[in-house]
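**Q** Below you'll find the structure I mean.
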Amino acid sequence: MACSASLRPLFIFSHFHSHSRNPKKPKFLFLNPDTNPNPPSKSATHLKSKKNPISSKPLSVSGGKSGFSVGAQREFSTGGDDEPLLSDTTDQEVFSWSSVILPFLFPALGGLLFGYDIGATSGATLSLKSAELSGTTWFNLSAVQLGLVVSGSLYGALLGSIVVYPIADFLGRRRELITAAVLYFLGGLTTAYAPGLGVLLVGRLLYGLGIGLAMHGAPLYIAETCPSQIRGTLISLKEVFIVLGILLGYFAGSFQINQIGGWRYMYGISAPFALLMGLGMLSLPPSPRWLLLRAVQGKGSLQEYKEKAMLCLSKLRGRPPGGKLSERQIEDTLLSLKSAYADQKSEGSILEVFQGPSLKAFIIGGGLVLFQQITGQPSVLYYAGSILQSAGFSAAADATRVSVVIGIFKLLMTTVAVLKVDDLGRRPLLIGGVSGLAISLLLLSAYYKILGGFPLVAVAALLLYVGCYQISFGPISWLMVSEIFPLSTRGRGISLAVLTNFGSNAIVTFAFSPLKELLGADNLFLLFGAIALLAVVFVVLIVPETKGLSLEEIESKILK
């Protein structure tokens, strides 16, 4: 866990004057700790992106058994809730991979438990409404009751995301995630031991509250505590953990589907993971950046908060307490936060999100997360088992096994998207993926209308849907949301996007079963297919390409 930190300077500030021939020279040049600290010679090569003047491409890489170091050049910038622990002036850092695993893993379990609920619910609905398998006397659920069971956690997540917004800074990221773990644990146990439908719905609501807090706290804790040069990789892996959770839920459904009361086990398995998450977060320190934020907000002694932040940073990096490196990083971060907080205090009312550049950003970001849900994504995932049963896999066990195959495929496609989004760009993946969604939904409609004798058509359509979703709406919608809002309204804008996502998710999930009875499966998937075609038009006409652009360039070139 020890970090191979040297007391020699990790970086050199090299100030350049602006010249007419080269007005965009970088303000800072970061060097590897083992590099000669003398000024670079004329032959030194400086990597520079033509599209993005705020470049983070590596100049040098060195590693060993215990440490990893990346040199990068970036211009100084401040502000935003997604700002890393280190300000951009200290982007260079030597760290031990072993010291960053746990601060990523335990918050990421919050995403895994969110995904697990999606996968487990697919099998649990088959078990819960079965006279032979439910183990209850109240198995004969109406379409509305079944919709409430499925969407109950989503309504809880919606409520949780509303509740946490005004108290997030008071709780802090660590306590927010501990609270989420407690709610996950209580929700899982309450659902597993529910004696009736009412208690079951309470358990689903408690679990959903945990989802709302975890989805807000996890990305903040990871971003604020991990080394800045691997921040993007770790935050992208969060989506992989959600998909891994879905896959685990499908596995649990497959193993327990033939057990009497199997749905209780499917939901109850989440409790040990929640306990692990809670104990893990208790073992981790608070976010040093959150401690400094409280100091900047005047919530306590500045010196006391600085000392706590240095101790937390030293623990996170596996360094001896009181090191000069940690002290320097804390000082730089404090200066950055003071500047950012001063800018944020100038924000107007919440209506500012619906004005000027912020309105354009909300149309883009909010539109993406809305279409992400109303093209049927929650319905396809939550009801995958039911869809497969109607496609010819009549035995519940057969349906859940095919769901596992779909989950594995989803995980693979998510990995492809994470690896390729910065190479191919956002728009090509969105246009191609959403077009594939439309085709898959039209295939599902055709299966129910005229191709009922070919069950493999339904399986192929589901695989196409999952694959296209995971290279488009799945990871890219939230990536765009994190990029598109201007600094002055980023916190409120992202909050509204989260509410839009969970609200539309809950509505679509709840409405799927009643609409299926009213319209029939064929017409319902035809409706989703038509909405997907509208989504393609929306992406082509409205959504910009942000690949290679800094946040400042997005605001100046796209929003204005």
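Glycine is no exception: its Cβ is also placed from the backbone N, Cα and C atoms.
In TrEMBL, annotation is done automatically, which means it is predicted and not curated.
According to TrEMBL:
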type	residues	note
DOMAIN	103-547	domain 'Major facilitator superfamily (MFS) profile'
REGION	27-65	region 'Disordered'
TRANSMEM	94-118	transmembrane segment
TRANSMEM	138-165	transmembrane segment
TRANSMEM	177-199	transmembrane segment
TRANSMEM	205-223	transmembrane segment
TRANSMEM	235-253	transmembrane segment
TRANSMEM	265-284	transmembrane segment
TRANSMEM	403-421	transmembrane segment
TRANSMEM	428-448	transmembrane segment
TRANSMEM	454-481	transmembrane segment
TRANSMEM	493-512	transmembrane segment
TRANSMEM	524-543	transmembrane segment
**Q** For the transmembrane segment (138-165), which partner among 94-118, 205-223, 403-421, 524-543 gives the most CB pairs under 8 Å?
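**A** Between the stretches 94-118, 205-223, 403-421, 524-543, 205-223 has the largest tally.
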**Q** Three or more CB pairs closer than 8 Å, sequence separation of 6 or more: does that hold for the transmembrane segment (94-118) against the transmembrane segment (524-543)?
**A** no
**Q** Quick one: find which recorded stretch in 177-199, 205-223, 265-284, 403-421, 428-448 has the most Cβ pairs under 8 Å with the transmembrane segment (524-543).
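**A** Stretch with the highest Cβ contact count: 428-448.
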**Q** Where else in the chain does the transmembrane segment (454-481) make close Cβ contacts, counting only residues six or more beyond its ends and a cut-off under 8 Å?
**A** 236, 239, 243, 364-365, 368-369, 371-372, 375, 377, 380, 384, 387-388, 390-393, 402, 406, 409-410, 413-414, 416-418, 420-421, 426, 429-430, 432-437, 439-441, 443-444, 446-447, 493-494, 497, 543, 546
**Q** Please report, as numbers and ranges, the same-chain residues at least 6 past the borders of the transmembrane segment (205-223) whose CB is under 8 Å from any CB of it.
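**A** For the transmembrane segment (205-223), the nonlocal Cβ contacts are 81-84, 103-104, 107-108, 110-111, 113-114, 117, 152-165, 168, 173-174, 176-177, 179-184, 186-188, 190-191, 231, 234-235, 238, 270, 274, 287, 498, 502.
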**Q** What residues in the same chain, six or more past the boundaries of the transmembrane segment (493-512), come closer than 8 Å to it by Cβ-Cβ distance?
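**A** The answer is 81, 147-148, 150-151, 154-155, 157-158, 161-162, 165, 212, 215-216, 353, 358, 361-362, 365-366, 369-370, 372-374, 376-379, 382-383, 481-482, 485, 524.
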**Q** Would you confirm whether the transmembrane segment (265-284) and the transmembrane segment (403-421) meet the contact rule of 3 or more C-beta pairs below 8 angstroms, pairs 6 or more apart in sequence?
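**A** In this chain the transmembrane segment (265-284) does not contact the transmembrane segment (403-421) - fewer than 3 Cβ pairs sit under 8 Å.
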